[in-house]
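Working notes, structure below.
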């Protein structure tokens, strides 16, 4: 007889018909809160409604219910993303010059928006070349579409409709997984299964399918486009997929099918999976065959990674075991207890994810220009500047968000009674040492970095250029950075024998790549000017970290307010009768951190914009002479504060200031309007609550006199609300001002 082990019981991991679908309930403002559902007494109600609508912690303390709401909201978010993407593709299909751009990307600018001629507004439609009049776009969509093999506006229509269908599907999924089949808490906490699906499914199969698309569709179509074939003559994507002979004409190894794969003769496939390095001289982008190879390799790694964790089969790693085994000689209990934190506090989990994703986004910003992935991206200076700026801002916001949710975790989810001598506890116990040392580093960096500039301004003002820190007087060369550049420039042949050129032209060693008489990329020299501004970067980043980290480490208690945890994540002051305890909540640290994040990112994008215009971007003559946009003035001008003001801000603002009456005039209006939005923020940041309450009561008196007083009592914004409105307008105004300044400048001169 055969003895079988008993079949493992399958766990039921969903609740059916968990919560009924009720439009009546959703139509009641504030239905998620007993207090808010009563309706407004004062105008504070509308602010609380916005503040608490998505604060699921405040609706219920049931972790399972909170998890389900977050999960469902994610589908709503995905739906909006698909809707947005669909809109972008629809604009490309309906309003753009994509097909014209595809036929001549060096002389025709990308445009996907035409302004209706209402009372002279058609002035905004500039000539982007090829007889098309519209607004020049700088989002990089045209370049992505070309890289993915889209050759007609009909294909864009089809994709737009597909994205709409997916948006509807996501909306349905969000409803279904909350109201019809809601996952149980155990499902959300099953981290090994989640890792397997995310690694092998999303990243592994996602990369594999993209590699497949690139090999079978993008590569052959781009090969034809690069050879100058008319897009209308190129076979359609399905023809390449269904007809192997068609591909074999371009890539001979296709004739052999899968035989080389199974006989391990993989080098046969080197005609479409390459390892070249550097840029394609035709398009100024990375070799698409390198990119396909990269995605195939990434897919293999993640497919393997997705099979490492123990699920139903009792084989593989358990995350709890990994964390608890992670102990160093000086770290006490090490990571013990972190597993429980990360499976019961979604704020802690989100905090880590935001920190990682924020850092990754900033890495993306730096790779988009140094290794431009799409065809004709590198010579589209407006798009290059926009992509760098966009990814820097997004990265900054995500990192501040990481600190915000770390602090919320500390206040709402941290249980000091169960934590002893693990890493988090040890960090909290020596927080004074951490913060005071970090503070010292900030003071040192601030005085020394600004001191170098002040010295240069003083020497310059006194007419003593020989005593300045510059490449031509007292040199402060960034020797470590230059060493790293040099190492990378020499790497091919030494560390990566298959590669013909280094990963990025910026390292040096190579020649410049120019497309259609414009510089795509060249080796970027670093000198004293970069050394100086680099230390400003170090200073602003350290101060941002100081503010955010102090907020997290002192979120629960401090010498000033030992019972801070009881006051919550955001509070104005420690009650009446305790002076000097305002602006100490964890929320206030996020508020202050946002301003320093804004400082830090502003210096970075200014550095990038000027450096690229001065030392990289420009035109090249038939004799091979490069003329940069600002003629290499960065090295000598940016070493004084006066130089930044005069030769960057003022000199380069001339395009936006003089844009009235031209197709760039919208940027001039935005520049003005965004300054107003920014200035408006100061009204909220500089005046106290009592001032406004007094004013309101005077206005209410006037309304009463005229018998037009509303039933809902007007109230001044609370201290926290006023700060939130202030910082929002400060950042919005500042970012929109920078956007208008950058784009008017680069579209005019680039």
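Using N, Cα and C of the backbone, Cβ positions are placed for all residues, glycine too.
Neighbour density for residue 573 ([4Fe-4S] cluster binding site): within 10 A of its CB lie 16 other CB atoms from the protein chains shown. Positions annotated as [4Fe-4S] cluster binding site by Swiss-Prot, on the basis of sequence analysis: 573, 582.
Applying an 8 A CB threshold to same-chain residues 6+ apart, the list for residue 675 (chlorophyll a' binding site) reads 733, 737. DSSP assigns residue 675 (chlorophyll a' binding site) to a helical segment in the three-state reduction. Positions annotated as chlorophyll a' binding site by Swiss-Prot: 675.
The chlorophyll a binding site annotation in Swiss-Prot covers 683, 691. Long-range neighbours of residue 683 (chlorophyll a binding site) (same chain, six or more residues apart, CB within less than 8 Å of its CB): 726. For the recorded site, residue 683 (chlorophyll a binding site), the DSSP three-state label reads helix.
According to its DSSP assignment, residue 692 (phylloquinone binding site) is helical. Taken from Swiss-Prot, the feature phylloquinone binding site covers 692, and the record attributes it to sequence analysis.
Look at Swiss-Prot and you will find 70-93 (among others) tagged as transmembrane segment. Same-chain neighbours of the transmembrane segment (70-93): 54, 56, 112-113, 139, 141-142, 145, 153-154, 156-157, 159-161, 163-164, 166-168, 170-171, 173-175, 177-178, 183, 188, 346, counting only residues six or more beyond its ends whose CB sits under 8 Å from a CB of the stretch.
The annotation transmembrane segment is assigned in Swiss-Prot to 156-179 (among others). Outside the transmembrane segment (156-179) by six or more residues, the chain places 17-21, 68-69, 71-76, 78-80, 82-83, 85-87, 89-90, 92-94, 98, 145, 150 with a CB less than 8 A from a CB of the stretch.
The transmembrane segment annotation in Swiss-Prot covers 195-219 (among others), and the record cites sequence analysis as its basis. If one looks beyond the transmembrane segment (195-219) by at least 6 residues along the same chain, the residues whose Cβ comes under 8 Å of a Cβ in the stretch are 147-149, 237, 240-241, 247, 250-251, 272-273, 288-289, 291-292, 295-296, 298-299, 301-303, 305-309, 311, 319.
Taken from Swiss-Prot, the feature transmembrane segment applies to 291-309 (among others), supported by sequence analysis. Proximity of distant same-chain residues to the transmembrane segment (291-309), defined by a Cβ-Cβ separation under 8 Å and at least 6 residues beyond the stretch ends, is recorded for 147, 191-193, 195-201, 203-208, 210-211, 214-215, 218-219, 272-275, 316-319, 373.
Residues or ranges marked as transmembrane segment by Swiss-Prot: 346-369 (among others). Counting same-chain residues at least six beyond the ends of the transmembrane segment (346-369), those with a Cβ under 8 angstroms from any Cβ of the stretch are 66-67, 70, 377-378, 384, 387-388, 390-392, 394-399, 401-406, 408-409, 412-413, 521, 608, 612.
What Swiss-Prot records for 385-411 (among others) is transmembrane segment, and it gives sequence analysis as the kind of evidence.
Annotation comment: Swiss-Prot describes 433-455 (among others) as transmembrane segment, evidence class sequence analysis.
As annotated by Swiss-Prot, transmembrane segment applies to 531-549 (among others), with the evidence given as sequence analysis.
Under the heading transmembrane segment, Swiss-Prot lists 589-610 (among others). Within the chain carrying the transmembrane segment (589-610), a Cβ under 8 angstroms from the stretch's Cβ atoms is held by residues 369, 385, 388-389, 392-393, 395-397, 399-400, 403-404, 407, 530, 533, 536-537, 540-541, 543-544, 547-548, 550-552, 583, 630, 634, 638, 644, 648, 652, 723-724, 727, 730-731, 734, 738, 742, 746, all 6 or more beyond its ends.
Per Swiss-Prot, the feature transmembrane segment maps to 664-686 (among others).
Outside the transmembrane segment (724-744), and at least 6 residues removed from its termini, the chain residues within Cβ reach (under 8 Å) are 138, 382, 385-386, 389, 393, 591, 594-595, 598, 602, 605, 609, 652-653, 655-656, 659, 664, 667-668, 670-671, 673-685, 717. Under the heading transmembrane segment, Swiss-Prot lists 724-744 (among others), citing sequence analysis as support.
Outside the transmembrane segment (433-455), and at least 6 residues removed from its termini, the chain residues within Cβ reach (under 8 Å) are 427, 468-469, 476, 532, 535-536, 538-539, 542-543, 545-546, 549-550, 553-554, 639-641. Taking a C-beta cut-off of under 8 angstroms and a sequence separation of 6 or more, residue 692 (phylloquinone binding site) has the following same-chain neighbours: 716, 717, 722. Through the fold, the transmembrane segment (385-411) approaches residues 138-140, 341, 345, 347-348, 350-355, 357-362, 364-366, 368-369, 544, 548-549, 551-552, 555-556, 565, 568-569, 586-587, 589-590, 593-594, 597-598, 600-601, 604-605, 608-609, 612, 735, 738-739, 742-743, 746, 750 of its own chain, all at least 6 residues removed from its boundaries and within a Cβ separation under 8 Å. Taking the C-alpha positions, the distance from residue 573 ([4Fe-4S] cluster binding site) to residue 691 (chlorophyll a binding site) comes to 18 Å. In the three-state DSSP reading, residue 573 ([4Fe-4S] cluster binding site) counts as coil.
Distance noted between the C-alpha atoms of residue 691 (chlorophyll a binding site) and residue 582 ([4Fe-4S] cluster binding site) is 17 Å. A sphere of 10 angstroms centred on the C-beta of residue 691 (chlorophyll a binding site) encloses 11 other C-beta atoms. Neighbour list (residue 582 ([4Fe-4S] cluster binding site), Cβ cut-off 8 Å, at least 6 residues apart, same chain): 572, 573, 719.
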